[in-house]
Structure formats: structure tokens, C-alpha cells
Amino acid sequence: MENGYGQRSQGFSLGRIIGDPFALATISIGILAWIIAFVSSIISAIHGGFPNFAWWTLVFMFFCIAGVTITVASDAERTYHVAIVGFLSAGLVFTTSSVNSLVYSPVAPFEAAAAGYILLSMITIVWVFYYGSQPQASHRTFVDSYALHKEGPGSRSSRPISNGYTNRPETQNASIPPQMYTSAQLNGFETSSPVSGYPGGPAGANGRNSSAPQFGGMGNSQTPTHDEQQQEASIEYPYRAKAIYSYEANPDDANEISFQKHDILEVSDVSGRWWQAKKPNGETGIAPSNYLILL
């Protein structure tokens, strides 16, 4: 589980529901199922013999559906997904128990109420499977790809990676020039592969020369040295990863690379939170692992 998801808009907007086919379909079916169960329960109670337990199920599921609707419209699903799964799991017990109390009755209103509770149970199972899975899960990635507010660079605020990842040692102080980072500097969360365009070795090694680009300079116009080209060519990329979100590189960090959602990248090492990757056009650099999924 990620510890932080970055800042996201907390405003309530029905457009997030309308723009998300999965949320729109499941919430609509859930509301319809609740109405069927509610109306049928009233008619069943008039006939007599309706189990009182089923009324509590209706009240509980009303707040569950309302809670899911509010979290989706507020773009707070990843913040409250654990609570959502917990309440829905309890609701599933209530709805299935109500079905068991009603489905065997020959009275038509009882059967209609049972049908409503069955629909509520089915929607609850779907929600538990969706919200109980990580955002990187294949089925969630597929479902979220159709949501308008979760697509493209504009949805950066809804991605499951904390903005704190960019606060690595090399970017905390703008006066420090870019360099090849050692495992001690990175505390073990970077890959040990050398970054493209930078000579290897610890900070201050003799292999470093003035051809390395500097912040704010015109380093992009300089030609890499022969040693750097050999070093870059020696890196192997045995893994392939697919981008599940678009990522815009930090302009203050020349090591990072930008990529678009669904891009296929070659990866040299998958042991840290930042992976050494190569784009199809040959550009190399580091990419956040939470934006990628191995193929």
C-alpha cells in the first residue's frame, strides 16, 4: 500500500461519476437495486411476516451506496478504499442473510424484495473486488483507463504516487550539480545502474568531467564522451514495463525521463522505487516504479 497519494482535488463533482463508466454503471445499478428492495419490502410488510432484520440491511446499504457515491465524486477513493471495503464486506453479510430469509417465500412481494437484495449483493461483490485491489492491478488499470478524470497528464493529481518521491537528495538543494549517485546517497531505493549521460563512480571520482550537463546550463548541446557512450551501451535492459500513468519529468532533475500512459519501456533493474529505463526512441533515465507495471 502506498503511504501517500499526493494532493488531489477534494471538491464534490458529479462529473467524476459521469466521466467514469464503471462508477456510473455500478452506482446506478446499486441505486436501482436498493429502490426495488425498498418498495418490495414495504409491500411485503403490508402482507405481514416480513423479517425486521431486512430493514436494517436497507438502512446500512443506503449509507454504503451514498458513501461510494461521495468518495467517487470527491476523487477520494484511494484515501478511503480500506474503509469502503470494510463497510461493503459487512453489507454483503446483511444482504445475503436477507436473501436467505426472503427468497424461499411463495409470496410475490417477498420474491421481488429478494431480487433487490440479490442485485445489491452482486454490486457489493464487484465493489469489494475493485476497491480491495491495488491501483496497479490489471483489472483496475483496465477499468480506470475508461475514466475521463483518470486519463492523460491532467490526471496527475489522481495517481497513486506521492509527490515526495521527487524530493530526493539531488533535488533538495538547487545549488548542487547533478551527479552519479551512490547506493549510500540513495539509501538503497535507486537502482545501481549508471544514469545515461553521467560517468559512473562515486561523487568526486576522476571519471567525472566537464561534459556532464549542469542545472540551468546548455549541457544538452554537448556531445557525450567516448567513455560515457561505452558505459551507456554496456547497460542491459532485460525487463519490459508498461506505463499505467503518464509522467512528466522534474525539470530540475536531468536524470528523470518523461513518458506517456501505455508507453512500453525497457528496464535494467527492478529492485528499487526508481528504475533505470530506456524509451523506444533510445532516451534513458530513471522512472518511478509506481507508474510502471512489468510485462
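Cβ atoms are placed via backbone N, Cα and C, with glycine included.
Since the structure is predicted, the reported quantities are computational estimates derived from the model, not experimental observations.
Going by the topological domain names that Swiss-Prot assigns, D75 and V143 belong to one and the same side of the membrane. Panel annotation: around the transmembrane segment (53-73), residues 12-14, 16-17, 20, 23, 26-27, 30-31, 34, 37-38, 41, 79-80, 84, 87-88, 90-91, 94-95, 97-98, 101-102, 113, 117, 120, 124, 127 of the same chain, lying at least six beyond its termini, place a Cβ under 8 Å from a Cβ of the stretch. Sequence-distant contacts of the topological domain 'Extracellular' (103-111), counting only residues of its own chain at least 6 positions beyond either end whose CB sits under 8 Å from a CB of the stretch, comprise 40, 43-44, 47, 49-50, 118.
Across the topological domain 'Extracellular' (103-111), the DSSP tally of helix, strand and coil residues reads 4 helix, 0 strand, 5 coil.
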